[in-house]
Amino acid sequence: IKKEEIRISLVRRIIFFTLNETGWPFYLWTCLVAAGAVYNLVMVVALVFRDIHDHFYLEFLSFNFAFDFIFLFDVFLMTRVEIIHNGVQVTEVKELLQLRMRNSEFFLDLLCLLPTDLLLFFKSDLSLLRINRLLKIYRLLQFASLTEMRATAPNLFRLSKLVFICFIIFHWNGCLYFFFSIWYDYENADIEDWIFSWDKIPDPIIVACDQWEEGEECDTTVPHSLRHLTDWENATDEIEDEMAYWANRS
């Protein structure tokens, strides 16, 4: 009888488990959910670049499925997190569920999981359809708060947060700029247009003919200064001179 009681008690503890918000199990799980939030912050707009879309689309779909499953399980897990209600710590599963369902974060979780990205199977380049996944950002903020409480160097952690925020802002700015450039047909744009154009980033590969020093084609008075260029203020002029010389020699 005692063994049976122990077994029943163990089963009840597994089925009706709860998590302490300050405990390590909840923190590690929050870390995983935060990783999904960061993934969506980066990848929702990154597929605007054709190279990423063409070479990493299957990986994109795989990670989408994995993190969507994590987000779905997180909806359930958040109903088991012990909270303080009216000055009393609530640990009873049914009451935790009721309180969670009245919380605005619960509705954010539901909106976050709307399967809007199913439309990707009809038009694969509309990664912005997953923008509702960004509603999970509040869990990333929660992870930052929990980490700061555990950090031995809180000022360094705050600096890391600032660097991360700057990275996300610059990333989104660059992706949206390129998105509008596609919209305005950047392929036909020139250097005077406000949108992106290839003319704005001249990055030629200048022929290095050191191995052909005896050849007549390498007999030139044009200095190969780009290989040793230190005065970047004159970089554009140097590039134009080199490209003009090698234009008919490729």
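Note that Cβ sites are derived from N, Cα and C of the backbone, with glycine treated the same way.
Feature annotation from TrEMBL assigns transmembrane segment to 26-49, 56-78, 162-184. Residues or ranges marked as domain 'Ion transport' in TrEMBL: 28-200.
Regional average pLDDT for the domain 'Ion transport' (28-200) in the model is 90. Within the chain carrying the transmembrane segment (162-184), a Cβ under 8 angstroms from the stretch's Cβ atoms is held by residues 41-42, 45-46, 48-49, 193, 195-197, all 6 or more beyond its ends.
Tertiary proximity for the transmembrane segment (26-49) is limited to same-chain residues at least six positions away from its ends with a CB under 8 Å from its CB atoms, namely 19-20, 57, 60, 63, 67, 70-71, 74, 77, 81, 125, 127-128, 130-131, 133-134, 136-137, 139-140, 142-144, 146-147, 150, 168, 171-172, 175-176, 178-179, 182.
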